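Report on the structure given below.
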Amino acid sequence: MAFQSSSGIITSKVNTDKSLSEFLEEYGNFPLPDWMTAAIIREMGDEIEMKTIRREIDEIEVLSDKEKETEKLDETPNRRWKSINFRSILHRRYFIMAIVILVNFCNTLCWISYSPVANYVNAYYGEQRTVWLSGMYISISIPASFASMWIGSYSQVRSILLFATIPMFIGSLIRVISTVPNLDYRFHVAIAGQVISALSYPFIMFLPSKVSDKFFPASERTLATSFGVLSNPVAVMFANLFVPMIVQSSRQVWILNLSLFLFCTCISAVVVYIVSRSLPEEDGCFTSEPKLMLYDKSLRRCFSTPAWIMIFLALGGGIGMFNCLYSMMSSLMCTAGHRNNLSGACAVLMIGSGLLGATIAGFLVDKYKWHKHVLMVTIAGSAVFGVFFIWLTKVPGWQGNSSLLICAFFLGFFGLAAYPVGLEAAVECSYPAATEVSTGYIILVGQLFSIIFIFILKSFATPLSFEDIRFGVEVCRTNATDAINIPQDYSIGILNTYEPKKPEKQEEPEVDPKKVTFLDTYANAVGVTFDD
């Protein structure tokens with residue numbers, strides 16, 4: 001099959017069999033044509049597969065060494081105890097991953113719980129406070145991530161779990177204090193709680209990959225990573241589904257803070273008890289940890305690997321887009337008359353389909369080692385449906401409702417499936433770099449993209465015009481006199497080309513003053529016309 005490249009060169013299937021070095025030697029330096037782009041993608045996938053093969057060979061050597069050590073232990077008096085301790089890690093690896101899932105789930109609730117009811121939170125804490133509460137969480141986690149990755153490369157799982165749990169508990173307690181009646185600095189106290197809770201996230205972000213690399217064999221590693229990292233979007237789904245049921249006015253925000261505190265307290269107590277008593281030692285059965293590099297060498301290894309850099313940029317941008325949508329979904333959709341229930345339904349559908357897509361993708365990668373094929377398809381699909389979803393947030397009526405739900409399904413199916421597969425591919429292609437570095441920096445740049453995207457949307461947002469047809473259907477304000485939750489137009493920020501059609505002006509019939517209702521008076525005041 002022939003392709004027309006951007007440089008005007010007609011290429012054939014024979015050209016796609018050449019290596020990248022042959023392309024450069026033959027044609028020199030010029031803008032990359034289509035077939036050269038395909039070659040780069042193919043070589044990136046080949047490099048990932050070769051890294052996977054070399055890593056599995058190293059793990060076989062590690063397992064052989066452990067078998068030899070076990071044979072030596074047979075001659076010692078403590079043979080039975082050592083053998084039981086070695087096997088206990090195999091049977092309890094799912095239990096360790098369950099702990100990680102719970103901590104990740106609870107920490108994500110602390111971050112995202114205010115966004116599904118942004119209008120009520122703004123009315124309680126002040127104008128645009130929801131964006132500050134969510135954005136501060138991301139802003140603090142970025143600088144703290146550098147320290148957490150350095151600490152994580154030298155620490156065991158039990159220590160990292162404690163680092164991830166204690167700040168989360170303290171932050172949730174401070175947020176409860178912010179709901180004390182007649183508190184003058186209510187918002188400042190809430191921000192302090194978010195800052196402390198945000199210190200937990202940098203230790204959680206690389207835990208799923210670290211645990212799967214340390215306790216799971218290669219045939220189960222991608223699927224284990226999928227369950228670990230997808231507890232984050234599941235928490236987002238939980239928040240969008242249940243928080244609007246809990247908070248139905250600004251006076252009920254304190255119930256949300258108290259519920260989060262009780263949940264964090266239970267999770268923290270379970271983690272502290274389990275870590276101090278029953279978490280097994282980390283002489284990983286399946287890991288090649290003794291051969292992994294430390295922080296500085298791992299950093300050089302990752303940023304000198306072209307395949308890892310491509311995953312770093314592509315997957316990081318995808319994480320940023322999803323985080324931005326989670327934080328701004330309610331604000332984006334309310335201007336077109338879509339209530340919190342619809343935005344919550346979109347988030348639930350997106351994450352539910354993402355669990356299905358991630359399970360299928362994890363099975364394909366673990367079974368057939370299709371890292372590059374699955375990653376290319378999922379990233380491309382998420383990009384296409386992500387653009388459609390953002391564009392449809394401005395379409396009012398039932399057409400917008402149904403289209404948003406369809407796009408949310410496919411966006412979650414492809415986007416969330418790319419998340420664990422991309423992290424595992426990054427670990428494979430950068431081996432023997434430490435997993436904290438190879439996955440931590442990808443999630444870190446994702447948080448950075450989140451801040452950039454949210455900043456762009458908020459900076460270019462303009463108040464919705466009275467002449468815009470959406471002003472008559474918007475549901476951003478809690479009531480007609482709400483001056484805090486002003487509906488915003490994000491067209492410039494998202495480069496949206498959709499413009500709602502304005503109703504044609506018609507001659508106004510004479511109205512009997514005695515028949516003028518309150519609704520007619522309010523409509524004339526805000527510039528909205530109602531059909532009979």
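Note that Cβ sites are derived from N, Cα and C of the backbone, with glycine treated the same way.
Any TrEMBL annotation is an automated prediction that lacks curation.
Note that the structure is a prediction, hence the values are computed from the model and not measured.
Annotated features in TrEMBL:
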TRANSMEM  94-114  transmembrane segment
TRANSMEM  134-153  transmembrane segment
TRANSMEM  160-181  transmembrane segment
TRANSMEM  187-207  transmembrane segment
TRANSMEM  227-247  transmembrane segment
TRANSMEM  253-275  transmembrane segment
TRANSMEM  307-329  transmembrane segment
TRANSMEM  341-365  transmembrane segment
TRANSMEM  374-391  transmembrane segment
TRANSMEM  403-427  transmembrane segment
TRANSMEM  439-457  transmembrane segment
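With pairs at least 6 apart in sequence, the transmembrane segment (253-275) and the transmembrane segment (94-114) have 3 or more Cβ pairs within the 8 Å limit; the two touch.
When each of the listed stretches 227-247, 307-329, 403-427 is scored by C-beta pairs under 8 angstroms to the transmembrane segment (341-365), 403-427 comes out highest. Note on the transmembrane segment (160-181): residues 99-100, 103, 106-107, 110, 148, 151-152, 187, 189-190, 192-201, 203-204, 207, 210, 253-254, 257-258, 260-261, 264-265, 267-268, 271-272, 275, 279 of its chain, located 6 or more positions outside it, place their CB under 8 angstroms from a CB of the stretch. Long-range Cβ contacts of the transmembrane segment (187-207) within its own chain (Cβ-Cβ under 8 Å, at least 6 residues beyond either end) map to 100, 103-104, 107, 110-111, 125-126, 129, 132-133, 136-141, 144-145, 147-149, 151-152, 157, 160-161, 163-168, 170-175, 177-178, 228, 435-436, 439-440, 443-444. Contact between the transmembrane segment (403-427) and the transmembrane segment (134-153) is absent: fewer than three CB pairs lie under 8 Å, with pairs separated by 6 or more positions in sequence. Residues of the same chain lying 6 or more positions beyond the ends of the transmembrane segment (439-457) and with a Cβ under 8 Å from any Cβ of it are 131, 135, 138-139, 141-142, 145-146, 148-149, 152, 202, 205-206, 209, 299, 302, 311-313, 315-321, 323-324, 327-328, 422-423, 426-427, 490, 493-494.
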